[in-house]
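Everything below concerns the one structure shown next.
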Amino acid sequence: MVMGPHLLLLVFILGLGLTPPTLAQNDSRYIKFLDQHYDPKTKNGNDKYCEKMMRLRNMISPCKEINTFIHGNKASIKAICGNQNGQPYNGNQRISTSAFQVTICRHIGGSPRPPCRYRATAGFRNIVIACENGLPVHLDESIFRP
């Protein structure tokens with residue numbers, strides 16, 4: 001079956017129309033990733049830092065059990081999705097080849113309702129992320145590598 005030029009043009013235009021929502025969805029997942037896990041300003045979070053950040057990032061209704069904040073720059077985090085700072089890990093995930101300074105906030109206490117209390121663990125860790133179209137969209141874990 002041979003397509004005429006008008007039909008090819010229609011298929012091309014429809015294809016263009018379907019691409020932006022997919023990219024926009026990936027961008028929104030990347031923005032959510034940054035909102036949940038990225039904090040370039042702090043270098044060494046403590047318990048008060050965790051309580052403040054979890055509240056500011058709206059992760060306290062219910063109290064999120066665990067969350068990791070990455071204290072690096074966006075370019076280095078995005079580079080994990082490529083070959084500059086990442087390598088394949090455990091299926092379709094990527095692990096950073098360099099360590100990032102992170103603060104891990106763990107919920108302490110029995111109730112999942114506010115006020116939420118957190119214990120902080122700060123240190124350098126390699127991070128494991130999922131990527132879509134070259135952007136990090138999910139932080140799976142952080143690994144201490146001596």
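Cβ from N, Cα, C; glycine included.
For reference, Swiss-Prot has these:
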ACT_SITE  His37  active site, proton acceptor
ACT_SITE  His138  active site, proton donor
BINDING   Cys105, Ile127  tRNA binding site
DISULFID  Cys50-Cys105  disulfide bond
DISULFID  Cys63-Cys116  disulfide bond
DISULFID  Cys81-Cys131  disulfide bond
MOD_RES   Gln25  pyrrolidone carboxylic acid
MOTIF     55-59  motif 'Nucleolar localization signal'
SIGNAL    1-24  signal peptide
Nearest to His138 (active site, proton donor) by Cα, among Cys63, Cys81, Cys105, Cys116, Cys131 (recorded positions)? Cys131
Cβ neighbours of Ile127 (tRNA binding site) where a neighbour is any other Cβ within 10 Å: 24
Measuring Cα to Cα, how far is Cys50 (disulfide bond) from Cys81 (disulfide bond) in Å? 27
How many neighbouring Cβ atoms, not counting its own, are there within 10 Å of the Cβ of Cys81 (disulfide bond)? 20
Per the 10 Å Cα distance test against Cys105 (tRNA binding site), the recorded positions His37, Cys63, Cys81 reduce to none
In the chain carrying Cys116 (disulfide bond), residues 6 or more apart in sequence that have Cβ under 8 angstroms from it: Glu51, Met54, Arg55, Ile60, Cys63, Lys64, His107, Gly109
